[in-house]
Amino acid sequence: MPNIVLFSGSSHQDLSQKVAERLGLELGKVVTKKFSNQETSVEIGESVRGEDVYIIQSGCGEINDNLMELLIMINACKIASSSRVTAVIPCFPYARQDKKDKSRAPISAKLVANMLSVAGADHIITMDLHASQIQGFFDIPVDNLYAEPAVLQWIRENIPEWKNSSIVSPDAGGAKRVTSIADRLNVEFALIHKERKKANEVDRMVLVGDVKDRVAILVDDMADTCGTVCHAADKLLSAGATKVYAILTHGIFSGPAISRINNAAFEAVVVTNTIPQDEKMKQCSKIQVIDISMILAEAIRRTHNGESVSYLFSHVPL
């Protein structure tokens, strides 16, 4: 593809390499390092004048360092006269800080949006935003891609009894996502209502819907400490579910997450590779990964060629 340059930040080079291979491109030359005082240094190693630049950097690992690195890379390309800079952020950082949920709380997702725009980003490509309204925090175009087509494909290919299943949301916020998947599969859906007392602590859970003698498939946009999904799995089994799967777009798996999954009664915990999972998979045999590099690659190709991206909302590209 002419006039396109693809760069990778240091957060998820494996995913960037897969995207580059699917596009038939070499990753652009960039050197990122730290100065002795821990400031981030970025050197773009090739001309980007007049080029359509895409920078892949996920919000994971050392999130603040990686965000700063992304901002510097965007700015470096912008002031080097690139024609357009697109930030490809598979897992958007600070997405859970999207509203004032208590007095004096910051809306950090809006701050990140402002920072990306000020750095010089002309366009954002991301996946399964925690709240889709975050798109409205930007004054530049945002394409929020969905893992749903890849999730549907995985369910059909890997769960033999999927026709006798219930798609379950572990909280009220995910009801829309779950009903969409249930409708596409033509199966039942259920919802777990939770009453939260403190952040990252789950209290009482109430199941709305029927899972008796069915395979329960928990679906959510992210799993962090996994307290919610593991409690939900216990609730579903006690309500008569025959098996429980969890399918989550962003597998953050921080703190006690891995030990909780190992001790929970999941058949499998399935995540996408918006975040690197190799180390986590070594610690937990239940974790399986859906590759979404083809969705990102196709979104980049369509954006570069000025084609519609909405096809990807309902199809998995080959």
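Cβ coordinates are placed from backbone N, Cα and C, and glycine is handled just like the others.
Per Swiss-Prot, these features apply:
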{"type": "BINDING", "residues": "R96, Q97, D98, K99, K100, D101, H130", "note": "ATP binding site"}
{"type": "BINDING", "residues": "D128, H130, D139, D143", "note": "Mg(2+) binding site"}
{"type": "REGION", "residues": "212-227", "note": "region 'Binding of phosphoribosylpyrophosphate'"}
Per-region confidence, the region 'Binding of phosphoribosylpyrophosphate' (212-227) (mean pLDDT, whole number): 96
Other CB atoms within 10 A, centred on Q97 (ATP binding site): 17
Top Cα neighbour of D101 (ATP binding site) in the set of binding-site residues D128, D139, D143: D128
Helix-strand-coil residue split for the region 'Binding of phosphoribosylpyrophosphate' (212-227), DSSP-based: 1 helix, 9 strand, 6 coil
CB-centroid shell, 8 A cutoff, ATP site R96, Q97, D98, K99, K100, D101, H130, site residues removed: A95, A105, I107, S108, A109, A131
Proximal residue to D128 (Mg(2+) binding site) among binding-site residues R96, Q97, D98, K99, K100 (C-alpha distance): R96
Local backbone state of D143 (Mg(2+) binding site), from DSSP in three classes: strand
Listed binding-site residues (R96, H130), ranked by Cβ neighbours within 10 Å, top entry: H130
Alpha-carbon distance [D98 (ATP binding site); D139 (Mg(2+) binding site)] in Å: 16
Inter-residue Cα distance where the pair is H130 (ATP binding site) and D143 (Mg(2+) binding site), in Å: 14
